[in-house]
Amino acid sequence: MPVEKTLLILKPDAVARGLVGEIISRFEKAGLKIVALKMVKASPEEIERFYPSSEEWLRSAGQKLLKAYQELGIDPRAKIGTDDPVEVGRIIKRSLVKYMTSGPIVVMVLKGNRAVEIVRKLVGPTSPHSAPPGTIRGDYSIDSPDLAAEEGRVVFNLVHASDSPSEAEREIRFWFREEEVLE
């Protein structure tokens, strides 16, 4: 089904930098419709439950960071004490909880033709250093994996976007009751 819904979260750095309106306008200009939106101060428990703890998710998150470190010539053992993708994923998840609870976030549901795919394209790659100009992370991110490693934290990359239609469904149900999502 080409018309679908997806979840987008504007992370604390996007909110703190006053980029909410600018980022939202990108999606509206791309033909996506906002069907739910709220600003929340998430608790550590909510973020802990929101991001998966499966070995598959931890490994995937860890591999993304290890790839970024490799591209930047960073030794993961020296910076974070391990090069095991699952353990790196655990470190990322702990840092994500701290980051995502450091300030308010804006959570929204976008609807449109191939919404998941379009949002992912507009957002750009997870790591800002490899996000091309024209993407949200490429145009607005001011962080990088090497700076984040130096400061012992996760990369501030402005937004979270669902990876797949099935993930979007789970994530939308997590943040919104059915009656909060308009058609």
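Any Cβ shown, glycine's included, is placed from N, Cα and C.
Your range for region 'Insert', going by Swiss-Prot and the list 56-88, 122-154, is 56-88. The Cβ of Thr126 has fewer other Cβ atoms within 10 Å than any other of the binding-site residues Thr126, Asn157.
In the three-state DSSP classification, Lys11 (ATP binding site) falls within coil. A separation of roughly 9 Å, to the nearest angstrom, links the Cα atoms of Thr126 (ATP binding site) and His160 (active site, pros-phosphohistidine intermediate).
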